[in-house]
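Swiss-Prot annotations:
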- Arg8, Arg9, Glu10, Tyr11, Lys66, Tyr123, Arg127, Ser131, Arg191, Leu192, His193: substrate binding site (BINDING)
- 61-66, 76-77, 82-83, Gln105, 140-141, Trp185, Arg195: FMN binding site (BINDING)
Amino acid sequence: MSDLSDIRREYTKGGLRRKDLPDNPMALFETWMTQAKEANLSDPTAMCVATVDENGQPFQRIVLLKRFDDTGFVFFTNLESRKAKQIAINKQISLLFPWHPLERQVAVLGEAEPLSMMEVAKYFISRPKDSQIAAWVSKQSSKITARQALEGKFNEMKAKFAQGEVPIPKFWGGFLVRPKSIEFWQGGEHRLHDRFIYTKAASEWQIDRLAP
């Protein structure tokens with residue numbers, strides 16, 4: 001067994017104060033996302049998405065956030081993937097944005113709902129053609145014999161769709177995560193981190209400080 005207990009560091013990049021928080025958590029999220037992009041973080045839109053199966057077994061994976069607004073957070077995926085199948089069983093979902101270099105993280109609890117075909121189509125046609133073709137290739141989360149099988153299927157589909165537009169697969173779509181709570185975490189000195197949680201209450205958000 002490896003002992004990692006001596007790996008530690010101080011958090012020194014600043015605090016988070018109640019008086020500085022906007023009433024709407026999405027406004028703070030937009031500020032933090034902008035700062036993450038300006039800091040040239042690797043994949044600032046990458047989020048850990050957690051879902052659960054029919055037995056309550058959770059599973060997590062990294063997915064890219066594609067849009068956010070006051071209604072929530074949007075991502076796209078293969079509808080035959082493990083995440084989509086689990087969402088169909090249980091729409092409760094958790095998102096985590098781990099912005100380690102900024103000593104920040106944002107944790108979201110909410111419910112996922114399918115996007116309309118219009119919203120899916122709008123995003124799909126904006127993707128590079130190779131990415132559109134790749135959506136046809138992978139039966140996500142299924143077992144395959146070798147990578148060559150994927151590459152062969154990609155080349156086959158690339159030839160098939162060489163001319164004209166790539167149609168949207170029926171098994172490809174997206175989800176809107178409507179947040180019920182959003183927690184903002186900022187690292188602090190001596191492990192006295194700042195944590196604030198926004199909880200949806202009717203049409204407003206309640207803001208509470210949490211112990212680190």
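Positions of Cβ are set from backbone N, Cα and C atoms, glycine also.
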Collapsed DSSP category at Arg195 (FMN binding site): strand
Distance, Arg127 (substrate binding site) to Phe76 (FMN binding site) (CA atoms, angstrom): 12
Whole-number Å value for how far His193 (substrate binding site) lies from Leu65 (FMN binding site) (Cα to Cα): 26
C-alpha spacing of Lys66 (substrate binding site) relative to Arg195 (FMN binding site), in angstrom: 25
Which listed residue (Gln105, Ser141) has most other Cβ within 10 Å, given these are binding-site residues: Gln105
Spatial separation of Lys66 (substrate binding site) from Arg82 (FMN binding site) - C-alpha basis, Å: 19
